[in-house]
Amino acid sequence: MAKTILVVDDSASVRQVVSIALKGAGYDVIEGVDGKDALSKLTGQKVHLVISDVNMPNMDGITFVKELKQLPAYKFTPVIMLTTESQESKKQEGQAAGAKAWVVKPFQPAQMLAAVAKLILP
Amino acid sequence: MQTLTIEDELTIFTAAEQKNNLLSFLNSGDDLEINLSQVTEMDTAGLQLLVLAKREAARTGKTLRFVMHSKAVLDILELANLTTAFGDQVVISHSEG
Amino acid sequence: MSIDAEMKAALITFTIESLELLQDMEDSLLSLEDGADPTERINSIFRAAHTIKGSSGLFGLDHIVKFTHVVESVLDAVREGKIDVSSDLVAVLLPCCDHIALLIRAVVDGDVEENPDMTTAGDALLAELRPFLEGNPSSPVATVAPTPDRVEASGGGEVETGNWHISLRFGEDSLRNGMDPLSFIRYLTTLGVIVNLTTITNRIPAVAEMDPETNYLGFEIDVKSDAGKEALENVFEFVRADSIIHILPLESAIADYIELIRSLPEDDAYLGELLVKSGVLTKRELEDGLSKQKSDSEASQPAQPIGEILVEQQVVQQPLVTAALEKQKQIKDNKARESQSIRVDAERLDKLIDLIGELVISSAGVNLRALQTTQTALLEATGEMMRLVEEVRDSALQLRMVPIGTTFSRFQRVVRDVSKELGKDINLVITGGDTEVDKSVVEKIGDPLMHLVRNAMDHGIEPAEVRLQNGKPSQGTLRLNAYHESGTIAIEVSDDGGGLNRERILAKAVEKGMVAADAKLTDQEVYALIFEPGFSTAAHISNLSGRGVGMDVVKRNVTDLRGSIEVDSTLGVGTTMRIRLPLTLAIIDGFLVGVGKSSFVIPLDRVVECVELTNDNGNNDYMDLRGEVLPFIRLRNLFCINDQPPRRANVVVVDVAGAKTGLVVDRLLGESQTVIKPLGKLFAHAQGLGGSTILGSGEVALILDVPVLVSSFEHKMQRHALSISA
């Protein structure tokens, strides 16, 4: 049974490329365009990993992770934060919120797959 | 002989509940068997529980066997190199999930 | 749909999305100054730039990432209130939007590579953006080049031996944080083969106390992997903070690593660096160890040796530290051997060398006399003696040889200080430090080197932003190098800066009347102009070069040491200044001349030519040299030699700083290699004499110091002329 990953980013192209890479590696993908949208997509179904951007309209990534961790079905779900080099403080905020893994933007799809592979079993 | 079939996944999400299940099952008799064929997912939290169950059974002088390992369980036991340590018969051909 | 087709579709999404974002960005920018609260608009402008940058990276559109990064940095500073919204700012940002749109349209047209014309245009825009960032030092503009993410295993370790023991104790909260230990171990199998794995279960408490959501497990793993320690360490990057992780070479591999440590090159004397180089320690582990050492010593505890700390923290095993310590000692011993030798008073050494010089000469005399006899046994004996004496002379001269490294290493500090002064990031690389040269040369080369080094740092190496624009690393590199070359030592000062501008030098030289406007000069000849007195290009004015020393002084210093200087330069790539010096100042190639019964030695490198003095009336002090006026000095008069002059005198034409002067002598006796003996104190007032030497015949010959001789003669003539006119 393929594992499911939620990808949250306001950029359609980022979602698209990440999805292509993840699907190519055998994962199922759900997409969310921002924190709010992502939360609305989470209806208790099994999600094995969340990948979320930080800067997004409506609800930013940090708030989203905090809310996610309040939901019993997702409180142990690993989260990869998409940070940038210049946002070290955001990375720490993200970790405090519960996103213990990170990938630094801009990244190549292979780098994303490596981070995912560290966190969930195939 | 008592048999328990674990119906759910054995992961951090179910760990609290599964611990209680396992412990009450351990109290249900002296010759015990746990059927793992329905375990679709397992992680380190699940592995810890199986180790705990084995240890607790040994401590209280009971016999506990794991049988019908699912693929998810076998993968984890292999990775943790505990298949032999558990001393259960493993049917390799049994695979699902 | 294939992956390729899907990626193409995604690229189209990217271009559409980016162009939309840019349109929004433009609208928001235009309305920024309408007086309403701009916070949300600034945020959305920032997000647009941020998103475009992130997406471009995914598609490998590095040129778009590079440009957008700077725009994003400015917007980030605006967002944080470090830069005020102004019409100036909007005026600069709008063309930047347009430029990003251009770049993206190029992608739409199928051009995913960088286009040089657009890059030039982009650089011009970035130059306009920079002033906004400069007023705001905390902005992260320095990280223009996106560093590759460390998530990906870097692979390709430094060592062949890839047998590691990994000890893992994951943090209690690992599971709750979604960090599944077994998942990381599974990932580890993609980097190597797990040879042995033991799951450590003894931390699981009694049933009642066991919290099923707490992690109690640990793992001891032997892994065979070609990936380096760094790559293995990166596997556990996300859990490093909360877990105890030790990665050590397997016991069985320790011997290999010890061997590796022993065979390391001897250019690093720090223990930690040795261990990092051998691959048994990662840079991060070393930094952790060093910061512990530092914090301990700040807590006024006695500083613990770094080796002990590393072993205590279980990042490396004791035998490896011991091997590295031995290696360190070996390096130190080798270094010490150079500097620890017996101290000898330089004067005593000079005296020994003088005596040996005399010994050489007198043995030549003995040999001469022996040759006049026919006694074979005597000839054999003197032949053997000559050989030994020459060997003694060579090894005596060797005594004065010191490695140039100590002179070089003084520049580490200079480079650091001057870089700070200039606000440039410059790294000094020293090679050939063990090249030996006579002590007297080392003492005198410091000043010219200092000037060349400062000059290279000041004018050679460009400011960081110019370097980045030219695609060079922001850190400049200055190299000091020395090597032996056919009886001379070559010392090079190289920089990877902008190089000499031939056209500018030439234009300046023409303007100063130093060369004719239509002169055809080789590059070498043009570069040599910078050493001419009075030459200085307009760009050569800064507080550093305002120290009153010009390149002409460097040239003079080097010439005084009987050396030469040359320049190699490639525009945009860098400049190398190469000084060649004789290995020793104690021996000189001389030209022997006779006046009356006296002999004189003229340093050969001063001699231009020899001509016969014709039509001499004995009174004038100049002659016609192929149509030029050649002033000359009559050594006979200068040194008050009253013997009968010969019927025909000779003129040795010497060169001092480009001006020719004649020395009138009686006889030309040819070239000879001479050991220089200093003159006694009695002759300290004698101007124009550089020393003496003893000839094979036993006679003393005086060595002329040509520059001093010529200039003091000129002074005398001027005074003479003044007294006549008075």
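Even glycines carry a Cβ here, placed using N, Cα and C.
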Region 'Disordered' according to TrEMBL, located in which of C:137-156, C:157-176, C:317-336: C:137-156
Residue distribution over DSSP helix, strand and coil in the domain 'HPt' (C:3-107): 88 helix, 0 strand, 17 coil
CB contacts for C:His50 (phosphohistidine) [other CB atoms within 10 A, all chains]: 26
The domain 'CheW-like' (C:587-715), counted residue by residue under DSSP: helix, strand, coil: 20 helix, 69 strand, 40 coil
